[in-house]
Amino acid sequence: MSASERKKYQPLENIKIKLQLNVDNDKEHNFQLLFVGLEQIICNVDTDTIACDLYSVMTITSSTYGRNDGTTCTGSHAPYSSGFPCTIDSTNWVRQHCENKQTCSICPYDIGVDPCENYFKYLTVWYTCSDFDECGSNPCQHGGTCTDLIDGFTCSCYPAYQGTDCAERNDLFDVKYILEEHESTHFSIKALLVLSRLNCARMCTLNNDCYGFEYDVNDHTCQMISAISTIAFGKVHYYVKQF
């Protein structure tokens, strides 16, 4: 019997999963994820490979070992007319070898149990393939947000961290500011309306020309400066960058 006769791939009925997302209190959106099921048959003493496409992994739906009909995997024997069905549930055994893998090679004989004595047997595996979730292991550290890609992922890091997985501390955010009294005149870089003194400090930190800033708690304005004038026109308090 040829390899094509011994190994069969058959599409199962589509498996539909219905998801419901509540966008707000009065709206409901329904989505359907469509998975195409696959079936593979491996004759008793053969070692064969179950495979999904590149960058996808398999989920084992179920599996049986034994015989359900008289014609599949009969070897040199004529079609059987009796003695079937005689099967056992082999789902857990297949999952141990194949679950969440892109490919796996298995031999039914290694199951070590004979559900149909004196009969040729075969293993039937039902499975689905889906893209591997690169974010499943939570690779983004320090609260970073992971986006799954084909054969990879990206991390959106909090400002204080950087790198592929947000593991590296951003030295800019180790900058400290000391409140000092200086002359009121200054060389202005930019005046902004911000929500807090912390936001003003962050913007100054990211600006290499920023010497410090003045923050007005009343109108929430941030005045970033590049230098302090030596001309005395009064006094004002500045937050000065300290490295």
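Cβ atoms here come from the backbone N, Cα and C positions, even for glycine.
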Subject >> Cys166: disulphide-bonded cysteine as recorded in TrEMBL, out of Cys146, Cys157 >> reply: Cys157
Original post:
What average pLDDT does the predicted model assign to the domain 'EGF-like' (131-167)?
Top reply: 85
**OP:** Count the other Cβ atoms sitting within 10 Å of the Cβ of Cys166 (disulfide bond), across every protein chain shown.
**Re:** 22
Subject >> Proximal but sequence-remote residues of the same chain as Cys157 (disulfide bond) (Cβ under 8 Å, at least 6 apart) >> reply: Cys140, His142, Gly144, Gly163, Cys166
